[in-house]
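Undergrad: Questions regarding the structure given below will be posed in turn.
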Ligand SMILES: NC(=O)C1=CN([C@@H]2O[C@H](COP(=O)(O)OP(=O)(O)OC[C@H]3O[C@@H](n4cnc5c(N)ncnc54)[C@H](O)[C@@H]3O)[C@@H](O)[C@H]2O)[C@@H](O)CC1
Ligand SMILES: [K+]
């Protein structure tokens, strides 16, 4: 799913009205009806007090449309205009007139000196105060109104975006923003809903299709994409009947040290399970027996040292190398890495201590082949790019870093972000059960194993992160967050692939109804 910028939404808005030969007021009506339908479907006429708070711009205009339709359908509605400015938009004014023609209960104007209306905990708030047009911090009294919403504990539905929130910046204070239970966004979700600093402002979100021009939606390139099944399906490479293990490449995993051989085993097993034709592990001598006995499919090359890697030399020709898991940061290992990188031309995926060693000697970054994949967790990322002010600053720094060294950075987190230069891919799979030892090693193996099979490094990163998260989502169903381990995630990688081609199950009620119809037909024909 494309995530459009504010500028692109405004452009799409204008272009849609022009191409469909409708006015912006008609488009606002369409958007408002969508929100009304969403509510009506769930409320079925229930007489719960609904408080609709409207600003004076187009977000407020949306609120007025919703209020009007709710009133027309007999709901218990209180409409307010939050009068933070006198500059009303044209479409706001149109809808202000319309609501006045609909009901004798005209919207209540709320200004800085007015008391706020009483809101009960079982009431509903519709927040249409600010949309994406917010361009400066809201006045103190408006912020107090937002606090009034929060204190009421009423279910809060935000229109387009929680008021006070920006799509591309972290607010100076958490209190400056409406804390929504649910947000209904027009045509596109927002990057801010996926970042730790700002995701908290809405518990859930949904996108409403308000019928933007199809051509505009298809042709417009976005700086951010949300990756789900629909986005990864075209990446998948079906297997040819006449393929053989040579077709799917040879993944080499370089890593492990005394006490951390498990990391190399997890990465190697993952590379094979995701479909690499052959997997070799390059480990210190102490890794030989554990790998040979626990993972018979792997081939092994041992370093001349017993406990750590000191000299990366091999005679095989791997398709791709996954480097760094459990590798340690011994001086000899750092030197071996430097020597290795000066001659290496094979595509690389670098994780964990591999990243830590690069952070200690940033000159090595220039030696990495183009589109090398780095998979840091937050602390490793900080060592690599320095501290950041907030999530948006972090993304800016990562983009600059990616551009400077021509690297792909996979920022691991609740929503893992894959960054290549100015483009960000947000992953939608995965769960808190992944916060457990070794899952990072599995991800390294998965991405390495995909590159081995012929996926380019970017496709392998985006697809690998998706499959890794999906596998965890499948594994967790039988285990729960606490008991799931990295090994379970490897064991369900196959299910993650199979899930790509599963059709969604029909809703239960419909299926039962059809079953009922069939029985009825049978008894009639008897
Ligand atoms: N045709 C439609 O009905 C559509 C409506 N949309 C709605 O339009 C919204 C954007 O509307 P607007 O651009 O009018 O902007 P908003 O309604 O978000 O903001 C209202 C106006 O207040 C002013 N303002 C901003 N920050 C302020 C502050 N802190 N204190 C006082 N005044 C401030 C700005 O001049 C802005 O134009 C979207 O969020 C969405 O809800 C579009 O997104 C999609 C199409
Ligand atoms: K809003």
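Using N, Cα and C of the backbone, Cβ positions are placed for all residues, glycine too.
As listed in TrEMBL for this protein:
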BINDING   58-62, 131-137, 160, 263, 326, 377, 441  (6S)-NADPHX binding site
BINDING   59, 127, 163  K(+) binding site
BINDING   412, 413, 414, 415, 416, 440  AMP binding site
COMPBIAS  505-520  compositional bias 'Basic and acidic residues'
DOMAIN    9-218  domain 'YjeF N-terminal'
DOMAIN    228-500  domain 'YjeF C-terminal'
REGION    504-526  region 'Disordered'
Undergrad: Take the Cβ of residue 59 (K(+) binding site) and count every other Cβ within 10 Å, whichever protein chain it belongs to.
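TA: Summing over all protein chains shown, residue 59 (K(+) binding site) has 25 other Cβ atoms within 10 Å.
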Undergrad: An 8 Å radius from the center of the 412, 413, 414, 415, 416, 440 Cβ atoms defines the neighbourhood of the AMP site; name the other residues of that chain inside it, in order.
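TA: Going along the sequence, the neighbours appear as 377, 411, 417, 427, 430, 434.
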Undergrad: By CA distance, which of the binding-site residues (61, 135, 163) lies nearest to residue 414 (AMP binding site)?
TA: 163
Undergrad: Mean pLDDT, the domain 'YjeF C-terminal' (228-500)?
TA: 97
Undergrad: Out of 132, 377, 413, 415, 440, the binding-site residues in the record, which is closest to residue 59 (K(+) binding site) when you go by Cα distance?
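TA: The answer is 132.
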Undergrad: Where the record says 412, 413, 414, 415, 416, 440 bind AMP, what is the longest distance in Å from one Cα to another among those residues?
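TA: Those residues reach a largest Cα separation of 14 Å.
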Undergrad: Looking at the binding-site residues 163, 413, 415, 416, 440, whose Cα is closest in space to that of residue 132 ((6S)-NADPHX binding site)?
TA: 163
Undergrad: Among the binding-site residues listed here, 132, 414, which has the most company in the form of other Cβ atoms within 10 Å of its Cβ?
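TA: When each Cβ's neighbours within 10 Å are tallied, 132 tops the list.
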Undergrad: If one looks at the chain holding residue 415 (AMP binding site), which residues at least 6 apart in sequence have a CB under 8 angstroms from its CB?
TA: 194, 195, 199, 426, 427, 428, 430
